[in-house]
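For reference, the structure is listed below as C-alpha cells.
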Amino acid sequence: MVKGLPQKTLLGQGYQAPLSAKVFSSWDFCIRVQEAAIIKKHEISNEFKVELEEGRRFQLMQQQTRAQRACHLLSYLRVNILIGLLVVGAISAIFWATKYSQDNKEESLFLLLQYLPPGVIALVNFLGPLLFTFLVQLENYPPNTEVNLTLMWCVVLKLASLGMFSFSLGQTILCIGRDKTSCESYGYNACDYQCWENSVGEELYKLSIFNFLLTVAFAFLVTLPRRLLVDQFSGRFWAWLEREEFLVPKNVLDIVAGQTVTWMGLFYCPLLPLLNSVFLFLTFYIKKYTLLKNSRASSRPFRASSSTFFFQLVLLLGLLLAAVPLGYVVSSIHSSWDCGLFTNYSAPWQVVPELVALGLPPIGQRALHYLGSHAFSFPLLIMLSLVLTVCISQTQANARAIHRLRKQLVWQVQEKWHLVEDLSRLLPEPGPSDSPGPKSPASQASRPRSFCPGFPCPGSPSRAPPPGPSVVDAAGLRSTCPGPHGTPASARRFRFPSVAEL
C-alpha cells in the first residue's frame, strides 16, 4: 500500500482519495443495526465499483490512438444529436397539444381535451428518460459519465417542456408571436378569455393535479402489480422483467418540476403552494412505500454527495424559468377588464408606485427614488466589482496553497516509502539455522543496537566506524552505519523530487 501511494497523481485537479484510504476509512463503526450495515456494505461496494471502472476506462482512453478518439467523439456527437432531436420533437408535441386544446374549447369532448396538455407533458417526461438511458447505455460510457449525461438531458427535457407550455399559453391567450387583431383593444384575447388570469391558473392547477394523480396511479397500478407478478411467478421472462429500478435522480427531478409549476402559478392561483405542500407530503410516503416494498436498488451507482450542487442549480434554473414570464406579465401585460384586482391599471406593477406615493412619507419616497437612480447604481456596481476581485484573488491564493500542500503530501509519502525500504534492508532475514527458541548472546550481539536509516550512527556502543572509506549514497549523504553482517551499508536517504519529476 505504501509503495503504491506515490504513484497516484496527487497534484492533479481531479485528485481523489486512493482506494486504500477508502478501504480503511469507509466503514461507520457507529452502525449497530443489521439493515443499516447491509446498506453501508452496498454503498461501499458501489463506490469501489465506480472507482475501479473509472480507472479502467481512463487507462483504456490513454491507450487509444487518434483515430479511435475521433471515432469516439463522433459516436458521442451522434448520440447527443439524436437525443436533441427527440427533445425537439417532444416540445413540439407539447406545443401542438396545448394549441389544439385551447382552439377547440367549444367541442363536445372539451372535458377530455382540457387534460390533453398535462397528459402529453407527463407522457414525454415518462418516456424521455427511458429513451435517454437506453441510447446512452448503447455507447458504453463510464458509469459517472452515463449518469451525468442522462441527468443533463432529463433536465433539458423537463425545463423545455414547461417553457414550451408557458409559451403556447402566452401565444394563445396573450397573442404572443401571432396576429394581434383580436388583442388590439384589450392587450389580450378578450373574445375567448375574458378573465385570462383564471384561464392560466386553471391550466397550472390541472398540470399539478395531473402529475400527482399520475404518481399515485403509477405507484399502485404499475409498480405494485409488477412486484406481485415477479414474486409470484418464475421464469426467464419474469427474471428479465424483475422489480422496478428506483432511480434517485429521476424522483428528485420530478419534485423540482412540481416546484417549478408552483412558482409559475404564484400570481395566478395563490392556493397552489398549499396544494403542492399537501402533494409533497403524500408523495413522500408513496415513494417511501414504493422504495421499500416494490422496487430494487439501482444498478448504476449514484453519488448523491457530489450531485447536491447540480440539483440546486436545476432548482435555480426552474426559478428563473418561472420568474421571467411572471415578470413580463406583471410589468407589461394588461390585466383583465372584467375581473381581477388590477382592472383599473394597464399593468399590475402600476399598483406599486401608487402605493408608495400614498403610503410612504416623503423621506421614504426620496430614499426609494435614490435607490433606483444612477447615483446609487454606479457606486454599488464598483463595490461589487471590488468584492468580486477580492473573492477571485482569495480563490487563487487558496488554489496555490492547495497545490503546495499536495506537493508536501507527495514528499512525505515518498519519504515514508524510503524509510520502509531502509527498514526492510537493515533488518536481517532469518536463515535456515535460526531456531524459534531463545536467542544466544552471540546472535543478539550480531544485530545492530541502533536503527538510524539514512543518517550516521554516532556514538554506537558496540561498533566503531570502519577505517575504510565511507559510503556516499545517491543523495550525497555520508553513511557509516554498520550493516546486518558488520559491513558498511549505504542508507538511501530521501531525495526531494525535481519539478520535472512532479
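Just so it is clear, glycine is given a Cβ too, placed from its N, Cα and C backbone atoms.
TrEMBL entries are annotated by machine, without manual review.
According to TrEMBL, the transmembrane segment annotation covers 76-97 (among others).
Residues annotated as transmembrane segment in TrEMBL: 109-138 (among others).
Annotation source TrEMBL lists domain 'TMC' at 195-305.
Residues annotated as transmembrane segment in TrEMBL: 204-224 (among others). Long-range Cβ contacts of the transmembrane segment (204-224) within its own chain (Cβ-Cβ under 8 Å, at least 6 residues beyond either end) map to 114-115, 117-119, 121-122, 165, 244, 254, 257-258, 261-262, 264-265, 268-269, 272, 275-276, 279, 282-283, 286-287, 289-290, 293-295.
Only residues 6 or more beyond the boundaries of the transmembrane segment (265-286), in the same chain, are considered here, and those with a CB under 8 A from a CB of the stretch are 197-198, 200-201, 204-205, 208-209, 212, 215-216, 219, 255, 258-259, 322, 326, 329-330. The transmembrane segment annotation in TrEMBL covers 265-286 (among others).
Taken from TrEMBL, the feature transmembrane segment covers 307-328 (among others).
What TrEMBL lists as transmembrane segment is 376-397 (among others).
Under the heading region 'Disordered', TrEMBL lists 428-502.
Among the features that TrEMBL reports, compositional bias 'Pro residues' is placed at 429-439 (among others).
The annotation compositional bias 'Pro residues' is assigned in TrEMBL to 455-469 (among others).
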Let me know the model's mean pLDDT on the domain 'TMC' (195-305). 89
